[in-house]
């Protein structure tokens, strides 16, 4: 990625850093806060696992509907205007736990967080990637997505380090201030894009991708090239998403890979910390150390490896390698036999973290300039579908195998099942034909 493009996107990168710093800073403390509020003095708590899974499921269901709408609206009203929505929505839940962490305040946080996360986390990602796509030509887009994700991971690392040295009350107070700063920054400094018009005016043929065509704009003759999407008159509907899946083989295959990868990845996140708490009695500081290893290796991978490997290997080969690393990641967690093993396994994130930028880049290259928000929102909505299903499957499975009534002694069974879901995604990516990475023939 050229230095001038990094400078041009600098304000978005600062916003991504602050947003991630605030969001992930509280992650190491949340397991202990949840357990203390719901099951004081215990290392195992089925209620905490079920409530966490329920929150993820409802949040994912809301994001399934909200994110594609927000993404398509950004194609019409601009990226910056819609970025303010997730930036401001993320503040209130942090303020609640910054005040107190008793059972009443926890449930207030739980409900507020469940509602605001529907439009906060997923929308922030899809809008930011659409912003990057508006600014960066296709040949450098995969690397640019990697740089943005790497900066967000750097915020994750900084937040995790800060949480390691702060008390729990101070952690939530600092996170709330950082979230407020992110909202103010995006309002004051992030500039609106031109919807990719500058890329087209530059005369670069690689950026003249033919738009994805929904049935409402398709021609009755197969020999006529599909016209560009007309200006949006209404928000994107679920039927539009379904039509998009059926009219583009690239998008439909990427959607399947995204679904099964997100299913496994969310299952891993749902189960891992409770598994480590029950198996090795991990504390807040040990969680922070583990997340720190993940954040540092992931950030280095996104910022250094992605810009080097993406042009040489191509997104498809890099996607296969990353999915293979994800499978190994999950399976090795499931058989961890000592407290130090999860730290070693976490280093595999240097490979697995590249999955999302590769898929996003493949889809972005297939979409037209006026459709970046729509397709990124749809892909995020599909990921949210998996986020709905995953906790329903993995939360009871985790609680069952961590309890005394487990059918057999394999506490990491739910983690192995999550790895199997990612193995399905790997199989689908291997079977993806090279032609599917090119614009669909009509």
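Note: Cβ is positioned from N, Cα and C throughout, glycine not excepted.
Transmembrane segment is the annotation TrEMBL gives to one range among 322-342, 343-363, and that range is 343-363.
A contact links the transmembrane segment (144-166) to the transmembrane segment (9-27), because at least 3 Cβ pairs that are 6 or more residues apart lie under 8 A.
Outside the transmembrane segment (413-432), and at least 6 residues removed from its termini, the chain residues within Cβ reach (under 8 Å) are 253, 256-261, 263-265, 267-268, 271-272, 275, 316, 319-320, 323-324, 326-331, 333-335, 390, 393-394, 397-398, 401, 406. The largest share of C-beta pairs under 8 angstroms with the transmembrane segment (9-27) comes from 81-98, of the ranges 47-69, 81-98, 287-306.
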